[in-house]
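Peer 1: Shown below is the structure under consideration.
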Amino acid sequence: MATQDSQGIKLFGKTIAFNTRTIKNEEETHPPEQEATIAVRSSSSSDLTAEKRPDKIIACPRCKSMETKFCYFNNYNVNQPRHFCKGCHRYWTAGGALRNVPVGAGRRKSKPPGRVVVGMLGDGNGVRQVELINGLLVEEWQHAAAAAHGSFRHDFPMKRLRCYSDGQSC
């Protein structure tokens, strides 16, 4: 294992000397402006990829828009950074093949709208209110007139129907 001598640490057959005195002297001689550059030089290799980040904006190969942003480096090939085009909402890699990807692929979908009142309808038996809640059509019936005629009254006042986008009745 490792043993400690007055000269340094012996590890795997090699002696590592202590240089704490020389490091402290070097830190004292550096002005504060150079401390930031020393910290950058001593950073890990993951920070080096951030330094390689492209500075110039590259036009989108599909729509030729200059509204692109750098996303990250490709995991398989660091020489092909991944970009995102704000114009056509597609990802692309510089130097990579253009794939036939639909617009907005891989992006998060927006939340559906909240509760929206579609309309208020009336008929002979009672008042019918139609509302749209998260893509479902909901009908509320007030059964005052239906109960007065002696007909069967439902215990559940709300009735759910599927609403289709092609305009057919629900």
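Placement of Cβ uses the backbone N, Cα and C atoms for every residue, glycine included.
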Peer 1: Identify the zinc finger range according to Swiss-Prot, selecting from 3-57, 58-112.
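Peer 2: Feature zinc finger in Swiss-Prot: residues 58-112.
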Peer 1: Within 8 Å of the Cβ centroid of the Zn(2+) site residues C60, C63, C85, C88, which other residues of the same chain have their Cβ?
Peer 2: P61, R62, K64, S65, E67, T68, K86, G87, H89, R90, W92
Peer 1: Can you check how the pLDDT averages out over the zinc finger (58-112)?
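Peer 2: On average, pLDDT over the zinc finger (58-112) sits at 76.
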Peer 1: Let me know how many other Cβ atoms fall within 10 Å of the Cβ of C60 (Zn(2+) binding site).
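Peer 2: I get 18 for this one.
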Peer 1: For C85 (Zn(2+) binding site), just count the other CB atoms lying within 10 A of its CB, please.
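Peer 2: There are 21 such Cβ atoms around C85 (Zn(2+) binding site).
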Peer 1: Using a 10 angstroms cut-off on Cβ to Cβ distances, just flag whichever of C63, C88 is the loneliest among these binding-site residues.
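Peer 2: Result for the binding-site residues C63, C88: minimum number of other Cβ atoms within 10 Å at C63.
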